[in-house]
Amino acid sequence: MRGSPLIRLLATSFLCLLSMVCAQLCRTPCTCPWTPPQCPQGVPLVLDGCGCCKVCARRLTESCEHLHVCEPSQGLVCQPGAGPGGHGAVCLLDEDDGDCEVNGRRYLDGETFKPNCRVLCRCDDGGFTCLPLCSEDVTLPSWDCPRPKRIQVPGKCCPEWVCDQGVTPAIQRSAAQGHQLSALVTPASADAPWPNWSTAWGPCSTTCGLGIATRVSNQNRFCQLEIQRRLCLPRPCLAARSHSSWNSAF
């Protein structure tokens with residue numbers, strides 16, 4: 001086939017040039033200092049680009065080259081021409097990596113996980129979204145409960161709704177298994193004014209970009225409890241896919 005000898009010649013020349021460059025960068029035989037370098041806290045030791053000596057991994061936006069490699073556990077790669085003014089190489093996030101990190105644990109793109117018993121989350125393109133598993137986060141309390149509140153029941157993951165009458169006496173009973181509270185209240189008069197009541201806004205459904213936060217409130221024209229939603233924006237999403245680390249959320 002025409003052009004094949006030229007292609008083979010170019011490929012051979014490229015391999016020879018590459019081997020010469022690698023020979024200049026990597027010392028032969030491999031010799032390393034007796035004591036490994038002292039890295040800053042949280043920075044691991046990794047093998048250099050020659051696979052010879054251990055060096056401190058370079059972190060996000062730090063300069064990098066053949067011998068000083070980026071931290072692979074954080075999905076960082078050395079990007080040439082990404083330094084100031086388009087010169088030099090720096091460590092940036094790998095755009096092809098859709099994994100996410102939550103509470104120090106890494107999950108694959110599309111993997112589902114439970115950071116706690118109350119939510120089910122899914123790793124999605126470098127971020128993650130979560131759905132509530134407790135019915136109290138979705139189901140409203142009874143309509144005849146003027147001041148509902150949620151209490152944490154010993155031995156149970158999900159809190160439960162109870163009616164708080166305030167100054168009005170309420171009948172409470174304690175279950176034998178633990179101090180579970182349930183209140184029986186007298187229905188309020190139809191002419192009595194219903195006080196405004198609402199829970200705090202819940203966390204945003206996303207870690208970056210637009211999401212939805214919910215709360216339970218009776219602040220509407222019918223003065224009835226309903227689930228209200230509003231848009232939320234925790235932070236803008238990075239142009240490159242990144243690892244989401246939400247260590248304080250759960």
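Heads up, the Cβ atoms here are built off N, Cα and C, so glycines get one too.
C50 (disulfide bond) is surrounded by 15 other CB atoms, counting those within 10 A of its CB over all protein chains shown. DSSP assigns C50 (disulfide bond) to coil in the three-state reduction, placing it in neither a helix nor a strand. Residues annotated as disulfide bond in Swiss-Prot: C22-C50 (among others).
All protein chains shown were included, and the count of other CB atoms within 10 Å of the CB of C52 (disulfide bond) stands at 16. Look at Swiss-Prot and you will find C26-C52 (among others) tagged as disulfide bond, backed by sequence analysis.
If you look up Swiss-Prot, you'll see C32-C53 (among others) marked as disulfide bond, on the strength of sequence analysis. Within 10 Å of the C-beta atom of C32 (disulfide bond) sit 12 other C-beta atoms, taking all shown protein chains into account. In the three-state DSSP reading, C32 (disulfide bond) counts as coil.
Residues annotated as disulfide bond in Swiss-Prot, with sequence analysis given as evidence: C39-C56 (among others). Annotation note: C56 (disulfide bond) sits in a strand segment as assigned by DSSP.
Sequence-distant neighbours of C64 (disulfide bond) (same chain, six or more apart, CB under 8 Å from its CB) are R58, C70, C78, A89, V90, C91, listed in sequence order. The feature disulfide bond is assigned by Swiss-Prot to C64-C78 (among others), with sequence analysis given as support.
Annotation source Swiss-Prot lists disulfide bond at C70-C100 (among others), citing sequence analysis. Counting Cβ atoms from all protein chains shown, C100 (disulfide bond) has 28 others lying within 10 Å of its own Cβ. The DSSP secondary structure for C100 (disulfide bond) is strand.
The domain 'IGFBP N-terminal' feature in Swiss-Prot is assigned to 24-103; the stated evidence is sequence analysis.
Annotation source Swiss-Prot lists domain 'VWFC' at 98-164, citing sequence analysis. On the 0 to 100 pLDDT scale, the model's mean across the domain 'VWFC' (98-164) is 78.
The domain 'TSP type-1' annotation in Swiss-Prot covers 194-238 and is backed by sequence analysis. Look at the domain 'TSP type-1' (194-238): DSSP puts its residues at 0 helix, 16 strand, 29 coil.
Cβ contacts within 10 Å of N196 (N-linked glycosylation site), excluding its own Cβ and spanning all protein chains shown: 9. If you look up Swiss-Prot, you'll see N196 marked as N-linked glycosylation site, on the strength of sequence analysis.
The signal peptide annotation in Swiss-Prot covers 1-23 and rests on sequence analysis.
Around C26 (disulfide bond), taking its Cβ as the centre, 15 other Cβ atoms fall within 10 Å, counting all chains. Ranking the disulfide-bonded residues C39, C53, C56, C70, C78 by C-beta neighbours within 10 Å puts C70 at the top.
For C100 (disulfide bond), the nearest of the recorded positions by C-alpha distance turns out to be C39; the candidates were C32, C39, C50, C52, N196. Checking each of the recorded positions C26, C39, N196 against C53 (disulfide bond) by C-alpha distance, the shortest gap belongs to C26. The recorded positions shown are C39, C50, C52, C56, N196; of these, the one with its CA atom nearest the CA of C32 (disulfide bond) is C52.
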